[in-house]
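S.K.: Per Swiss-Prot, the features are:
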| type | residues | note |
| --- | --- | --- |
| TRANSMEM | 11-31 | transmembrane segment |
| TRANSMEM | 54-74 | transmembrane segment |
| SITE | 61 | site 'Reversibly protonated during proton transport' |
């Protein structure tokens, strides 16, 4: 592989991991805001909302973890 292709792989992996982190941060911020909004409107449903919040937060966090794994694979397995 020539150096231009390797440099493009480094840039692609970096952009992929960065955008995944930014997307997760925005998603968790929106999710937390909606949780607080729902808890303020109906305090009786806080246990139900909390369990749903943590399930969805785990799903939102799983996507960047997978993306970081793929990015590291590109950096260390494909580009070397």
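Cβ from N, Cα, C; glycine included.
Values in this document were obtained by computation on a predicted structure and should not be read as measured data.
Quick one: where do these features end up spatially?
M.R.: Counting only same-chain residues six or more apart in sequence, the Cβ atoms lying under 8 angstroms from the Cβ of residue 61 (site 'Reversibly protonated during proton transport') belong to 24, 28.
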S.K.: By Cβ distance under 8 Å, which residues at least 6 away from the ends of the transmembrane segment (11-31) in the same chain are close to it?
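M.R.: Cβ under 8 Å, 6 or more out: 53, 56-57, 60-61, 63-64, 67-68, 70-72, 74-75, 79.
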